[in-house]
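A quick write-up on the structure given underneath.
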Amino acid sequence: MQNKIKQLKNYAVYDDIEGFLINKDIRSSSGNSNYMMPSSTRRVSNTRKNYEGDIKQFFSVIKGKDVKSLVPDDLVVSKSELSNYVKYLQEKGLVNNSINRKMTSLKMLYTYLEHDYKDYIDLSVFNTVERLKTVTKNWDKTTQTEAERIAQDMYINERQKPLMKKLFVKFAIRTSFRVSAILRVRWKDIQLDESTGHYIVTVIDKGSQVVSTGINQVFYEELLQLKEEDDSETELVFQGLSEQSLRHSLKRSKKRLGIPPERELVLHSFKGVGIDYVYENSGHDLLAAKEQGNHKNTLTTERYMSRKINIANSAGVTMDEKIDLNPLYEATQEDFISFFENADLVTLKKFIKHVNER
């Protein structure tokens, strides 16, 4: 009887792999129930799907087994097996970036399993296979004007959930959240900010981080149209939408609007619109743009931005620049009104504050 219990414990490799996948699928690292999705509305994350696919493929190719049949001895892997696996993936036509991702998935699995399988796992073997060189290919950028055109096109021409698709695009460009995070936003995640009269949206974004941003009361009232359209008291704001359906909708919209198919305009392109907007309307404050994008560093933020190099405001130019103030004294009231009607928000707010404090 004791031997049988020991055998069940020692040979539960599949259960331990499932534990790893569940760990990757957890919505919140903090375990805060305010931000956890109920099981009835949770989707299996793309992250988990990717890890699961990588793991199944590896053991099928290298060990010739399904993950449900694995025993501890199958966890032993040599550097030649890893090298041969990389070669196998290359011959299958996978790009280097995808191969690197798969190898990272495996190393993370083995790191998770090491504690319970010390006699079978040697993590150093993963260091014998070098990461393959990759060329970073960014998606194409878009603008607020173009994104709004796409949103309106979806509203007019899409047969299924046209209003929801339109508001999804508008939500994406305003919040700069990732698609997966937006699809998990619940009505209770949008709370009134009494100090401004606008609304705070809180989501679980990349890395299980709780992040927040604001939306205007005007746009929130637009979102409420979804409640009026659906009487089912749904918890999710964008109930029924999926990344796949949105990708297909965007593809159709690009075709209708004459956007070249070779242009890499994807759902993730919408994230950069809000980042660009904040940068331009904050007096080119890169840190404010970084906060809008919820990035750890400004280098990541700059990848999303469509700004061009402008040396006119560089220190090397402006330190020695003398500004002629005579046009300021010669300007008419109409000149000032015209200027401030087209000024960025930071400049306009500074001027209004100056006038009010006089």
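Using the three backbone atoms N, Cα and C, a Cβ is placed for every residue, glycine included.
Features of the protein shown, as given by Swiss-Prot:
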- Arg178: active site (ACT_SITE)
- Lys206: active site (ACT_SITE)
- His268: active site (ACT_SITE)
- His295: active site (ACT_SITE)
- Tyr304: active site, O-(3'-phospho-DNA)-tyrosine intermediate (ACT_SITE)
- 23-114: domain 'Core-binding (CB)' (DOMAIN)
- 137-319: domain 'Tyr recombinase' (DOMAIN)
Fewest other Cβ within 10 angstroms of its own Cβ, chosen from the active-site residues Arg178, His268: His268
Integer Å distance between the CA atoms belonging to Arg178 (active site) and His268 (active site): 7
